[in-house]
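Over in TrEMBL, the protein carries these features:
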TRANSMEM  B:20-40  transmembrane segment
TRANSMEM  B:131-150  transmembrane segment
TRANSMEM  B:177-200  transmembrane segment
TRANSMEM  B:206-234  transmembrane segment
TRANSMEM  B:241-259  transmembrane segment
TRANSMEM  B:445-466  transmembrane segment
Amino acid sequence: MNWVAHELRLLVRSKLALSALTLLLVLSALAVLSGMREVERQQQTIARLEGLQQQELAAQARKYTHGGDAGSAAYYTFHGTWDAPSPTAFLALGLRDAAPYVLRVRALALQAQLHEGESFNPELALAGRFDFAFVLVYLAPLFLIALLYDLVSGERRSGRLSTLLAMPGAGRGLWLRRAGLRTALVFGCLVLPVLAGAPASGTAIEALGIVLLVTAGYLALWSGLALIVATRSGSSAANAMALMGCWAVLTLILPTLANAVLARAVPVHQGVELMLAQRQAVHGAWDLPPEATMEKFFRTHPEWRDTSPLPSGFHWKWYYAFQQLGDESAAPQVAAYRDGLLARQRWTSRLGWLLPGVGVQAALHRQADTDLQAQLAYQDRIAEFHARLRAFYYPYLFNDVRFGPQDFASQPHFSPSSQPAEVPLEQLLGLLLMGAAVLALGVDAAGRVRPSAG
Amino acid sequence: MSVALHIAREEWRLLRRDRVAVLGLVLLLLLTAVATFTAWEQRRTTDTERARHQGQVDHEFETQPDRHPHRMVHYGHFVFRPLNPLAAFDPGVDAYTGHTLFLEGHRQNSANFGDVRQSSLLLRFGQLTPAFVLQVLAPLLLIFVGHAALARERESGTLRVLLAQGVRPRQIVAGKLLALCGVAAAALLPALLALLWIGAATPAPAGLAIAMAAGYGVWLLIWAVGIVGVSAWFGRGRDALVALLALWAVSVVLVPRLAPEIAASVLALPTRFETDIAVARDLAALGDSHDPDDPYFAGFKKKVLAQYGVSRVEDLPVNYKGLLGMEGERLTSALFERYANASFERQAAQLRRVDAFALISPVIALRRLSMAAAGTDLQNYRRFVEQAERHRYRMVQELNRLQAEKLSFAGDRSSRDSRISHAHWHGVADFRYQAAPPAEALRRAAPAAGVLLLWLVVLAGLLAVATRRLGRVTR
């Protein structure tokens, strides 16, 4: 292990290398800290809203239970739902800045409530997050490039290359040791803050392992690429240019191009259409004879068929029946909308097999449970809760049961998901394969350095 | 000047032979072309789609059957945010804000179905638009092409020869700058053609397109001056390249992400959840129109009775329930407006914090200018939301007025049984978004333009210093 000390000494003497590594460590630490702060802020928001919601419920209970009318209690009572950040969310915050992670719903038609937006500043979101995923995907390759681009050409221009190659044990091993050490240091600078932040965030060991593997795979790919380029006979500037070109193409141009193609190939218009269809169904119901609406409702919900007939004038059970029918009539549009969204997500994951930056984003955000799928899963949990809410109120409405304070207190409560995030095995495998392949090519290229080239 | 031109011509000749430079330029031109085409296509389909939806909902509103006016208040209306023609060049926040608002009585809904919630994470890598190519990629090309402009001459000793021949350092620097500006112009040209095309194919105001073109011109000029300056400063091309790439990564990639993060954490926005609850509480504090003993609405009733000189609501010539609806809507809308303004003001304050970072990273100023000129910044979105809210208020009050005037108090039994003719729905819901006048957009872009010019002046000063130093170190 003598060479490690030797190479480290060399590295420490280079001001550029040392400052690059320090900067990377600082940036990674900043990203992790800012991610943890954001997660903490979201948790505090959820806790604060929980308290606020309790107060609201208490106020509602006083107001709407003395009438004994379940219909108006259901109409006026909003219920809080929330989607707490996962223990890995601080690394990749994903869509959590644009999609709501707290939402109030009531027993009325769900589709009109489910797609409500969160208040956020679009110009701030436009820039994208500064989190660990960003530091890893965009910045880490730049640092690797800065540390490796003149690995060979630097020695050549200083006239040491022939001497180095003539020494025993030189050749491939020398370049691999140097590149390996530098890559390892980059890896260390990147993951040290993550390792420090993970226990405080309660990240599971497996999740942490996945994050480290993703990081390692991505860095292997970039150091392999840097080796391929740096061991060519080009000048330092040409090598730097070639590597920066690769970086721009892989992390900026191709994903952006892919986004444009995907937006065209999988258009998602059904969101608006489901809103429009649902509204027509809900409001059209006011003009239909109530008996016809009830008949339609009983067809899919026969358990309420034999309850007392509709009185003349307004009755809540008719109102809630057409609300539910509105949701049901929009079901095909809802399904089409979700299919479109999931298709986009699937294609993005597939692109991760070709574009390492996309692969890393997909893997980290899946592990962090902050991607489109996580957003849909939250909507599913809201829908499931909403169904329980309906099921809770219907016996009161259809059987004309008095609704008292006791009943108010026994309303269903939203329960957040306790399922750990799904492991992004496919993306991880893709990244590791890609990293290993490119690294192998780099190792191969390192063996072909000749003293007097170019 | 002819010396400078001569040097520039030499430099171009060299660049023509350099495969990397040619390849880079071709790649950039290709990207601009693809970006223009897809962004234009995207804007066109988006806009047609929104116009189609707007037509559909307008039609649906007018063809609603005879109804109680209050049912129409709840039936509500959708408005779709039309896209400014220049959005094809820089779509700005369009993908991040919802593009449709549901307008109904007693409620202010959020804009829904923003693309960012509907797209996988790819949108976070950026959208392929001419603005993205010019903001992010064009400077990179200029760095690759220009980093060695002077450093190369110094490294190879030709600079000394040139100076010995009596060429002034100023002329050499001017020549190199001219050469790089030529490349910058070539990079800008397709984007300008795209702007011209957009301007010709749509009623986009020429002033805005020109402001935008000028902004991007200054942006590339900033880079040309900066690159030549760095190249003059460093003895070796390699060092100049590394320094420039670091500058680019920090100013174009890092700071524009870091600054919003800082702004958002210093000035957080309240969630919708909280705002909704706060609004509901304030409303409850105002009074309950259903409660006959409510002090506020008792006072309102007294006032109305006094105004018409009657003693009972039954004797009013208009339907009191309609008047009550109008008063309720007036109160709630004032509240919504207060909360919405507070939120937008806070967002504007966040952006002011971000703008301060333009002194480190001029791309922030460029983005502000570009989005303001393209009509795709937060301010334009706010304009849409506020116009939609005013429209909502007008529409709901019109329907409430119909209830007050077309239905008698006695005849207004329930919203299901008492109806008025559907002929009344005509023209109530029509919404026409009024885009901001170009002068306003230009005014908003002015500070950002000032920051860009400041950058240009400062960098030109630094280039002058570097030029003087160039003469000294080679002597």
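Just so it is clear, glycine is given a Cβ too, placed from its N, Cα and C backbone atoms.
At the 8 Å Cβ threshold, with sequence separation of at least 6, the transmembrane segment (B:445-466) comes into contact with the transmembrane segment (B:206-234) through 3 or more pairs. Beyond the transmembrane segment (B:206-234), the same-chain residues lying 6 or more positions past its ends with a Cβ under 8 Å from any Cβ of the stretch are 86, 89-90, 134-135, 138-139, 142-143, 146-151, 173, 176-177, 180-181, 183-184, 187-188, 191-192, 195-196, 198-199, 240, 243-244, 247, 362-363, 366, 369-370, 373-375, 438-439, 441-442, 445, 448-449, 452-453, 455-456, 459-460, 462-463, 466-467, 469-470. Sequence-remote contacts of a segment are chain residues at least 6 beyond its ends whose Cβ falls under 8 Å from one of its Cβ atoms, and for the transmembrane segment (B:131-150) they are 11, 15, 18, 20-21, 24-25, 28, 31-32, 35, 89-91, 159, 172-173, 176, 179-180, 183-184, 187-188, 191, 216, 219-220, 223-224, 227-228, 230-232, 237, 240-241, 244-245, 248, 252-253, 363, 366-367, 370, 374, 470. Taking Cβ pairs closer than 8 Å, the transmembrane segment (B:177-200) reaches residues 4-5, 7-9, 11-12, 15, 21, 25, 28-29, 32-33, 36, 40, 85-86, 88-89, 130, 133-134, 138, 141-142, 145-146, 149, 206, 209, 212-213, 216-217, 220-221, 223-225, 227-228, 463 in its own chain, all 6 or more past its ends.
Within its own chain, the transmembrane segment (B:241-259) has Cβ neighbours under 8 Å at 135-136, 139-140, 143-144, 147-148, 226-227, 230, 234, 353-354, 357, 360-364, 367, counting only residues six or more beyond its boundaries.
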